[in-house]
Amino acid sequence: MIALPLWIVPAAPLVLLALLLVPQARPALRALVPLAPLPALAAALASPAPAPVTLDWLMLGTELALTDTARPFLGFTAALWALAGWQALRLLRDAPGRDRFLACFLLAMTGNLGLLVAQDIAAFYSFFAAMSLASWGLVLQGGGAAQVFAGRVYIGFAVTGELALFAGLSLGAFATGETRLAAMAGPEVPALATALMAAGLLVKLGAVPLHLWLPLAHAAAPAPASAVLSGAMLKAGLFGLMTVLPLGSAALPGAAAGLAAMALAGLVLAPALGLVQAEAKAVLAYSSIGQMSLMALGLAAGLAAPAAWPLLGPAVLLLAVHHAFAKAALFLGVPAVWSTAPGALRAALLAALALLALALAGLPATSGAIAKTALKEALEAAPAGWQVWLGTALFAASLGTALLMLRALWLLADAPQKPDTAGDVALPWLGATGLVLAAPWLLPGGAAAAPDPADLVPPGLAAALALAALALVRSFGLRLAPPKAGELLGLFEAAPRPAPVLALPPPPRRGRTLVVRRGRGAVARPERGALAILGVAAALALVMALAPAGPAPVSAPPAPVTGEG
Amino acid sequence: MTPDLIYPAAGAGLIGLALWRLATCGDTLRRIMALNVLAVGIAMLMLAAGRETLMLAAGRETSTLAAGRDTLTRAAGQDTPQTAGAGFLQAAADPVPQAFVLTGIVVLVAVTAALMALAERLGARDGD
Amino acid sequence: MSPVVLFDAALALGVLGCAALALTLRDRTGTVAAFMLTGLLVALSWLRLGAPDVALAEAAIGAGLTGALFLRGARRLGPLRARPPAPAQAAAAALGAAVLSAALLWAFATAPAESLYPPRVAAALEDSGVSNPVTAVLLNFRAWDTLLEIAVLVVALLLVMTLSPPRVIPDKLGALVQPFARIVVPVAVLVAGHLLWQGAEAPGGAFQAGAVLAGAGLALVLGGVRVDRRVLRRALTALALAGLAVFTLAALASQAVTGALLGYPDGQAKAWIIAIEGALTLSIAATLCLLFTGYGRRSAR
Amino acid sequence: MTELLPLAILMTSLGVAPAILAMPDDWSRLRTAVNLAAAALKLGLVAWLSLSVAQGAEFGLGLEIAPGLALELKADALSVLFLALSSVLWLLTTLYAVGYLEGGTDRSRFFGFFSLCVAATVGIAMAGNLFTFVVFFELLTLATWPLVVHRGSAEAHRAGRIYLVYTLGGGLALTLGAAWLYALAGAVPFAPRGVLGDLPQTHPVAVTAIFVLLIAGVGVKAALVPLHGWLPVSMVAPAPVSALLHAVAVVKSGAYGIMRIVYDVYGVETMQGLGLAAPLAALAGATILWGSFRALRQDDLKKRLAYSTVSQVSYITLGVALISPLAAVGGLAHLIHQGIMKITLFLAAGNFAEGRGVKTVSGMDGMGRLMPGATLAFTVGALGMIGVPPLAGFISKWYLGAGGLDAGQPAVIALLAGSGLMNAAYFLPILYRAWFRDPPADAVPKRRIGWMLAVPPAVTAGFVLAAGLLANAPFSPLGWTRFIVSLEYL
Amino acid sequence: MVTETSLLVTLPFLAALAAAAAPRAAATLGMAATLANAGFAALLARALLADGARETSLGGWEAPLGITLRADGLAALMIGMTALVGSAVALQAMGRPAPGRPAPAGGFWPLWLATLGAMNALFLSDDLFNLYVTFEILGLSAVGLTALTGSRRALRAAFDYLSAGLAGSLLLLLGVALAYAEAGRVDLAAVPALVETMRGRIALALVLAGLAVKAALFPLHFWMPAAHANAAPPASALLSALVVKTALYVALRLSLEGGAGIAPARAALAVAGSGAMLWGAWNALRAERLKLLVAHSTVAQIGLIALALGVAGNPADSTLWQAAALLMLSHALAKAAMFLAAGRIAEELGHDRISGLNRTELRPGAAEFAFAIAAVSLIGLPPTAGFVGKWVLIEGLIAREAWIWVALVMTGTVLSAAYLSRVVSRCLRGGPHVAPGARRPAWHMGDVAALGLAVGALALGLASALPFALLETTLT
């Protein structure tokens, strides 16, 4: 493989973005958008990892390198960006803000790819900020009321998360005295710094208390954007946490417990809230929250037992890769379904999607199963106290996912056809599905694991529960009133401010000039002047006569001796 | 009242009178007249002070008068000094204040003429 | 109380009384008459104070010319219409005046008054070129004061020329004016010449001579001599300005010769002084005449 | 000959001002030529100066005014920093002003006083002692007042009156303080690490009172909280005036004044000894928060930018007040960064007003589509202000944060984060409206934006990017500030 | 060999006479004499800087008997000031349209030259009686200048000015008489002797009262605003900038001679000065006409200078009086420029109401700019000489912990900024005079003079080392 310079990874989309600014070149370059992440993909797959690059003139001395954990991330991120880019081109061919969307898309791509290879704080933070701010543009695409509300919530969370990360990074940089990112995991970094950095990244990961923006954003954003948002960007948060937290080097029992609590809350809440959603993409979003909580649980375990991290790491990684591809494929599938009228073709598509959903739910002989079993074995090595509820948590996760998948498929089934979506939208989806299905053979040592009957139970139970619920609905004629999107925040939505009634301009202020209109000048009476002279002469004579020679100058303010004409 | 208090008193009186009049009347002519009276008062005080020095030196022949008379006689070739009128023509005072007063008088007449010219140009109407 | 003291007291009271009258009478001509009387009495008091030169000048200029100016002014300014001042102001003025005059009296009475000048004047009188100490002071020791004094006269003339008040056209006075002038003018010219020459030794000098000549001039004008002929007025103006020019040029010449401004070459001091005094007399006379007769084109009444 | 360089730099604008003032109004081509030539010449000289100062050369020349009183011009590292900023931005703003005022009245008067302002700023930068600083500081007031009232409307004059009251009041306080210091300490040259010698020990109360007076005098122009009233009001001035003056020349000379007083008159030890650093930092912090808070509710675009200037300039004061080399680097760098960012915003705002007649934030809908170039520049400036990393703002905030920690004040980090949040809160809605809202149906262009109006904001936006990206390059603002601080603190 | 001092005092009088005699050639003669006088002033200054102060006794007679002309730093500075302002004002007078036929006595020129001669004589004089005579010449010629326009108000003002001036001079003469009675001599060397006894101090008090009238110091300034406002522009420039300064100069001379003993007089001067500042500023704020505003600002600035003289303290131990001298110099330049500019504005617009400055379509730009620079110098903002003067003053005051006076100087500055910005902001205000149709009058000799003086005030700010060096050679 040719030795690719590492700086090409973030540079390719950036250059394309710069070229896009030139109006004349736009039509030609638009087609290149899906190809922009390919150099990154090549770099990820290149057998001799590209050599690290240091540019000390760039910002505070930038260092780019591809670590082992970063390679898989870079791989699936680049692939996802390519597929999403392809579908975005097709889906938004004649959307009004298309160029603006593409610009934001490219900038987010730069950020996402860049932060995976950045080794120093400034570069990492720059790419992180570029990614989160640009994706604000993705969410706002379409300009509807939902998009506006989702955008406001998203930018709120994003900026807060960024500032928390900034504060954490600067505290850490000051404590360690150097600007390398890896140093942030060092022992002398204060707990506050780690906490702040973790908070910033957890916002991006979508862990439970900080997840409020995620369902809104995914529902509002166009499908390819949602695919990239949940597929690649959430993982960026995960990657950040894996570099920043002292996984495998120090035990942080307190932090581990907190992280575990958040993960478990996510595992439980996600399916509960997801089921009641009215929108397919929202349901998928909640399933992402569930999956990400699972990975967070892995991290928590790693924190609790650093010794277990060598096992847990790859497992979490595997889970991440699997979830990225599966969730992206599902999201890409949504427009494919919309483009078909209810009928045979839609049924076929739904069947394929069902296959994907089952893979995600961890059906044996699929990549999902492999990932889940890897995680299960890794969690064995978790500290003793955790064993008891780890098993139930895994079971709940897979059950929840299965239920959510069914709900999503159900919603997709009777979704109205959107005639304007182009026919060939499905192609990138097919590519993604192919990758997911081929995963067991691609991943090393995947196929060998024997199917374990216990894995069958969750999907089966989910199917049974679904049928029971369906029957109930049919018999009692319950109509499910879907709540408004963004459950808690919906309450805060500000009523639009009433347009100001036409206010009259303030009355002109009368000029405050100091000129007081005096009457005709008082007739100058010369004798008053002479009286003044007489008075002053007499007074001065008295002062000079009586005052002894050389007193300190009189400091009392003046009192004019006589009236003045 | 020792003799040498009369003229200072008169001078001071004139000054007081003039200043009082200046400070109480606005008529142009009267103000000019008051200023002239003031100047005369000052001249009187000055000359009184000038003679005062001479009176103190009364004991000895006043140097100025004698010197003045000697040169006079020498010029006129006579040997006996012409004695001025006994009581009436007093011994000559200090000449410098006399010069000052003389200059003062001439200056005063010039300024009075100017004041009168201005007053007349201002016209008789506003004599308030 | 020797008769001299009595005379002095009477004279002082006379002066004060006339001055008070001059300042308080409501009738214009009355005030002018009182003022001229004050002038004469003051001239007498200068004699008593041993200042004959000043007495002469006071009589000629102080009483005579100023009186004439006031008469002209009184005629043109019309009746006196003074608004009485506010009582508070009058009281303050009276109090202030009283305080000031009392202080002055006390100061002058108790002043030690040992002047430095008599011994120095006596010592320097020898080479001052004149024997009359007053003329010596005026034209030699403090000649610069005199030069500036002439400048005052010239500037006053310039001011009057700029304002150009209406000229004095005397109305037909009684039959006595012409004969009076016919007698007075030649006598005045003689007296002026004598005063000028005698100034070196005895009381007299440029100012007194000039004043007398001016008196003569006034007599001529009042006698009906028409001054509005352009040639005469321009000649008089030139003469008036010439005085200061001569004096200044003499000063500069003296510095060229002796190195000190107004330092007459020793030995010729008397000649320089007499020359200067001659020019001054003529110019003072012309100036005082012009100051009285005014410059206007056509005269209002 | 080289020691005449500071004088030459000063004369390029001081000498040009009367010539332009005398020019009749319609000689616009000659006037523009003279203006731009002078600006370019100044740029060249400043470059030469900075090169030689980098190699350690020192420039200085003095003119004895009165016994014990001298006008001194001295070009050291700190002065070159401010000099470079004002001369670069003057060239751009002159270009912009020429385009902006096409067809306006009184242009000779405008450009005459415009170059007089820059002359005053250059004078302030190169002042060698406190007296010269006071002289040029007052000259700046006089030169800027006619520009504020340039439009001649009653509103402009009300603003002018308020401006005059504030700045003259400040000037009086400064003069009083400086005279008092001269009375106590004789001549007060600017020398690294302060010149007060044993004065703080012998007259602690007097020295503190003088410090309060000096900072009050200078604080008016640095828009510290109680004295910032004039800045939003004088936004009535034409755009180039508010761009160069109220974003760069006037406000920065206030901050520069604080720097000179803290570093070169009092010196770091005296500041700590008398406990003056903490209150100043607190005041700066209060200004930062207050400025951002007030900016939130301003609907008028330039007023919002003005309040943001009030808060951003106090970053510099904060950097100076936190006694630590890192904070100093942050403060000094922010002097440059805030300048280029704020001038980009003001020039873009000027373009919006001129091009579309849009003066308020609510009118900014769809501006991205109507005037993409200006909005892009505005976006770069705004993001820089918030402190988004690749741009200049992030660098200075980063160092300020580090400096805060170094000075043992972790609250600084919270302050920076808080104000960053508020910055986002008042800048992002503008960006949102510009990019993601559709333009009003009846949007009609008011005036064609020539290249003279379009290029300057683009160039300054480029500077913002470059200052951020190339921060570590030797000649970047950050590099130069490190060079200065190494002199000041070692 | 004829020295500069003697030429300085005699040449102007000769020129005045020549101008009076030949009215048609008055302008050229006057201008030539003024420039020659400026040349001699420069020569005198150079000679002083070279070999210090010198005294020439007139007629070779020594001090008490004769009169000596003392040419030292302070005198040379004042003569230089008079020459500089005089030449600029003469330039303006040259440019004025000659009336139908030349005024009867040559009008402006002889009177101006007489004023110049009188001032030179006054600055050089070292004798109280001589001062009285020079004050008389100055009074008369200044009144002549005031009455030049011949308008009713000007004549009224001239009469009041002359009568007040005469009263002041007579007070001065009374003081001289008492001084003679007390110390037996009238030259300035008598002042230290006078200061000891009570009578001597009363004499000095009377002299100072006379000077206060002449300098239009606060309680006695009633005659000045009308006179300065109604005179012709060159005349009012001369009156405000130079004539009122002479009395302040003599007061400074007395303070120098009197040393510590005259402290009560200095205190009174300071009190009156601060009163003048406040009263002048209050009236200026309420003035409706431009020239009246400038005249009231003269009252205020005279107050500031008097205050500076008053608080200067005993000249033996502090050089603060030099700040007062510099303030006099800078005020002269700035005030002359301001009056010339105000005159030009009134001439062009036909009126000088402040509210009407921007109502006509005519825009005397140069005059307004000169007015603005002069205003800057009067307020005392850098880089003008006014600022340097105020800075040195404040520095000296602070060194002596005289906080009340510092506060007063500051208040004066603020008030002057207030009333002067009324006018300058009016010129910048919108209106027909800035509309595209507005036309600018052609450059006029008056504009050149006004701008020259204003720039002079600026340049003096930078070059104020020269006046300070000159002041060092003053004999105290």
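Placement of Cβ uses the backbone N, Cα and C atoms for every residue, glycine included.
What you are looking at is a predicted structure, and each value in this text was computed from that prediction instead of being measured.
With helix defined as DSSP H, G or I and strand as E or B, the domain 'MrpA C-terminal/MbhD' (C:14-77) counts 58 helix, 0 strand, 6 coil. Residues annotated as domain 'MrpA C-terminal/MbhD' in TrEMBL: C:14-77.
Per TrEMBL, the feature domain 'MrpA C-terminal/MbhE' maps to C:95-163. Secondary structure of the domain 'MrpA C-terminal/MbhE' (C:95-163) per DSSP (helix as H, G, I; strand as E, B; remaining residues coil): 58 helix, 0 strand, 11 coil.
As annotated by TrEMBL, domain 'Na+/H+ antiporter MnhB subunit-related protein' applies to C:179-272.
If you look up TrEMBL, you'll see C:6-25 (among others) marked as transmembrane segment. Outside the transmembrane segment (C:6-25) by six or more residues, the chain places 31-32, 34-35, 37-38, 41-42, 44-45, 48 with a CB less than 8 A from a CB of the stretch.
According to TrEMBL, the feature transmembrane segment maps to C:32-49 (among others).
Beyond the transmembrane segment (C:55-74), the same-chain residues lying 6 or more positions past its ends with a Cβ under 8 Å from any Cβ of the stretch are 28-29, 31-32, 35-36, 38-40, 42-44, 46-47, 168, 195, 203-204, 207-208, 211-212, 214-215, 218, 288, 291-292. Annotation source TrEMBL lists transmembrane segment at C:55-74 (among others).
Counting residues 6+ beyond its ends, the transmembrane segment (C:86-109) has no Cβ neighbours under 8 Å in the same chain. Annotation source TrEMBL lists transmembrane segment at C:86-109 (among others).
According to TrEMBL, the transmembrane segment annotation covers C:147-168 (among others).
Under the heading transmembrane segment, TrEMBL lists C:180-200 (among others).
If one looks beyond the transmembrane segment (C:206-227) by at least 6 residues along the same chain, the residues whose Cβ comes under 8 Å of a Cβ in the stretch are 53, 56-57, 60-61, 64-65, 68, 139, 167-168, 170, 173, 177-178, 180-181, 184-185, 188-189, 191-193, 195-196, 199, 233, 236, 276-278, 280-286, 288-289, 292-293. Per TrEMBL, transmembrane segment is recorded for C:206-227 (among others).
Under the heading transmembrane segment, TrEMBL lists C:239-265 (among others). Beyond the ends of the transmembrane segment (C:239-265), by six or more residues, the same chain brings 129, 140, 143-144, 146-147, 150-151, 153-154, 157, 272-273, 275-276, 279-280, 282-284, 286-287, 290 to within a C-beta distance below 8 angstroms of the stretch.
Summarising the annotation, TrEMBL assigns transmembrane segment to C:271-295 (among others).
For the domain 'Na+/H+ antiporter MnhB subunit-related protein' (C:179-272), the DSSP-based tally of helix, strand and coil residues reads 70 helix, 0 strand, 24 coil. When each of C:32-49, C:147-168, C:271-295 is checked for Cβ pairs under 8 Å to the transmembrane segment (C:180-200), C:271-295 comes out on top.
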